[in-house]
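Colleague: Quick one: this structure, given as structure tokens, is what I'll be asking you about.
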Amino acid sequence: MHKSNNKIRQRIIIKLSGAGLTKENSQPFSNDFFETIINQLKVLKESYQVGIVIGGGNIIRGNNCQEFNIAEYHGHQLGIIATVVNGYFLKAKLDAHNLKSALLSAISCPSLAVQILSQQTIDKAFEENDFVIFSGGTGNPYFSTDTALALRAVQTKAVAILIGKNGVDGVYTADPKKDKNATFLPTLNYDHAIKNDLKIMDITAFTMCKENNLKIIIFNINAENALLDALNKKGRFTIIENN
């Protein structure tokens, strides 16, 4: 059994969107981004058991299938597979830093990842590793990575969900890129977000988070020490919870 320290560490879940993993020069992965994130993960593992839900948008998005003239179902399936590719890349980077991780998948791909068959699969992965990477979404088409994020947060009994946005530092009353009068919201409750249709994540995922009393922290993933500052309540971020 893996033991990085003797104290009981709470679990957190980090969402890494596929769009944030890439470079503007059309390369699917940004090495600088991964190095920056991993340096922060090294610090986090001393205090937390870290779960990571990873998207696939740097490779393909399920809802963009029309431009390829393929059925939406196939587009979603390709999106699911893309998250496994991204998860494996992250695991390879963690291996390069001698950090112990497990890649779990909601779909069967035994040569790459351990399929999530039960709660015991998840608990065992956390017991034996510093980081658990969740790929394959929910395993079903038409469900977003947000839904997978909420599901894994509930399953892991996470104390917080950290959602790193690409170039956005939290939640606003409107899209700040389109509305100069948009107001930044440092704190927010679920009911207000739903009532005002703030579109933080899809409603299925958001409702699951609300019903399970999960705390969500939204921040700019590209900011310096973004993960560490968000957890330590430094810098600019939005906290969403029931109150």
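Glycine is no exception: its Cβ is also placed from the backbone N, Cα and C atoms.
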Colleague: Could you look at Asn69, Asn166 and say which one Swiss-Prot places alongside Lys15, Leu16, Ser17, Gly18, Gly57, Arg61, Tyr172, Asp175 in the ATP site?
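Modeller: Looking through Asn69, Asn166, the residue Swiss-Prot assigns to the ATP site is Asn166.
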Colleague: So Swiss-Prot lists Thr138, Gly139, Asn140, Pro141, Tyr142, Phe143, Ser144, Thr145 for UMP; which of Gly56, Gly87, Gly167, Gly170 goes with them?
Modeller: Gly56
Colleague: Could you give the maximum C-alpha to C-alpha distance in Å for the residues Gly56, Thr138, Gly139, Asn140, Pro141, Tyr142, Phe143, Ser144, Thr145 that bind UMP per the record?
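Modeller: Roughly 14 Å, rounded to the nearest whole number.
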Colleague: Counting Cβ atoms within 10 Å of each candidate's own Cβ, which of the binding-site residues Gly57, Gly139, Pro141 comes out highest?
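Modeller: Per the Cβ count, the most surrounded site is Gly57.
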Colleague: Determine, to the nearest whole angstrom, how far the Cα atom of Asp175 (ATP binding site) is from the Cα atom of Gly139 (UMP binding site).
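Modeller: Distance (Cα to Cα, whole Å): 31 Å.
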Colleague: Just counting, how many other CB atoms are there within 10 A of the CB of Gly56 (UMP binding site)?
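Modeller: The answer is 27 other Cβ atoms.
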Colleague: Between Gly139 (UMP binding site) and Asn166 (ATP binding site), how many Å separate their Cα atoms?
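Modeller: Their Cα atoms are separated by 25 Å.
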